[in-house]
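Annotated in Swiss-Prot:
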- HIS63: active site (ACT_SITE)
- ASN136: active site (ACT_SITE)
- TYR346: heme binding site (BINDING)
Amino acid sequence: MSSQCPFSHLAATNLTMGNGAPVADNQNSLTAGPRGPLLAQDLWLNEKLADFVREVIPERRMHAKGSGAFGTFTVTHDITKYTRAKIFSEVGKKTEMFARFTTVAGERGAADAERDIRGFALKFYTEEGNWDLVGNNTPVFFLRDPRKFPDLNKAVKRDPRTNMRSATNNWDFWTLLPEALHQVTVVMSDRGIPASYRHMHGFGSHTYSFWNEAGERFWVKFHFRTQQGIKNLTDAEAAEIIANDRESHQRDLYEAIERGDFPKWTLFVQIMPEADAEKVPYHPFDLTKVWSKKDYPLIEVGEFELNRNPENFFADVEQSAFAPSNLVPGIGASPDRMLQARLFNYADAQRYRLGVNYRQIPVNRPRCPVHSNQRDGQGRVDGNYGSLPHYEPNSFSQWQQQPDFAEPPLRINGDAAHWDYRNDDNDYFSQPRALFNLMNAEQKQSLFNNTAAAMGDAPDFIKYRHIRNCHWCDAAYGEGVAKALGLTVEDALKARDTDPALGQGGLL
């Protein structure tokens, strides 16, 4: 490592206050005599203290701990028959981008190497506006209805009494949502602790839509395959790393980019014709399900490379704001309930965290012209469009709507009601069963051991509940988890009749 000062190239400058006035003394406070009290007229002390207590902004409710980098996306294959989005308009086209990778459940001070999902958020600065793809390193999630998302957050965060993470709360919640078993199986598998952000895949997870110049709609899933190869950590390896370095993932990403070892991912899509959504044997908009790659194979699109670290972490990573509602012509949403809720909730979270004008922060600012009647608000710094009219319609030919970019109509029918997913699709186990059966014996044993370790001191009735769910998924799955927990499947099946949650819909 070089011993040279990293700022040796900068010319000496003078320290000023926030208003530009010179700071005469930055070492000693203004006092009445050498041993007297402070004076209220010490303007620089007042400013430093006032700014200091306001430096921390609200942390993200989820995905609080993260790392980021800038890069470039390059199109390598033609998909214009599926989408009119200009980011994909020609082979060889390059688009600047920013990526943020995260843990999910932990706070800003959490260790990078914890067993957890990893966030995989990408912002593409396209000529038609910013496109945000806000995904994870897993293709599925615990939930399929957003009503339970705040509850998930509370279950995996700190207990309101002890202020500690609670295996009881966590597993009580998961085991009463049988649809969560698919994601639980992923998180408790070897892939539950990636060795680094560079060595994991990414997924859009949700079903999105494409539409082309002819107005044809296709449903789409996004997959990002790491070109560095998959590498994971065992619980023991992760514990050793955490004991010495809580920023292991951030350090790995930053140092790789600094030495010119730029990480890359290949983008693939799965494409489903619009009409197929009513024909497939599974719910194509269910976030707890994946699509068959046999029926809808991966189609290569391009690759992205991360090649520039932020100059200031707070400015670019902490203030980066991602929202699935940041879409561009040719890329749209779907009836996925979880996605529908995120279309509002994510942008609203950024308004709370960063203010209504968060899009003016450089890392979030579109690279294309922005002509909007949205005005004023705290932190407006772009001139606020001066004296231009801020209403529409107006008589001055200003900023007309663009009907050529309208999304094709989507046929929707049905009565408005609180429709229960379980009445529509109660196949909780076929896909986690398929995943389990893809594992070799060693991987299955890791799954059993990791599950037992994660369940920790949760009460037996919760452990029995999870054993039952695993048993109904696959007998060998249930048997393996039971043995790792020092319990039996037989006792778990008997324990159902005395489960405290008896009568709840999620108790199977």
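Backbone N, Cα and C atoms are what each Cβ position is placed from, and that goes for glycine too.
Close to ASN136 (active site) in the fold, though at least 6 residues off in sequence, lie VAL104, ILE117, ARG118, GLY119, PHE120, GLY202, PHE203, SER205, each with a CB less than 8 Å from its CB.
Put simply, HIS63 (active site) is 12 Å from the residue listed as 'heme binding site' when counted between their Cα atoms.
In sequence order, THR102, THR103, VAL104, GLY119, ALA121 constitute the residues six or more apart from HIS63 (active site) in its chain with CB-CB distances below 8 Å. Annotation note: TYR346 (heme binding site) sits in a helical segment as assigned by DSSP.
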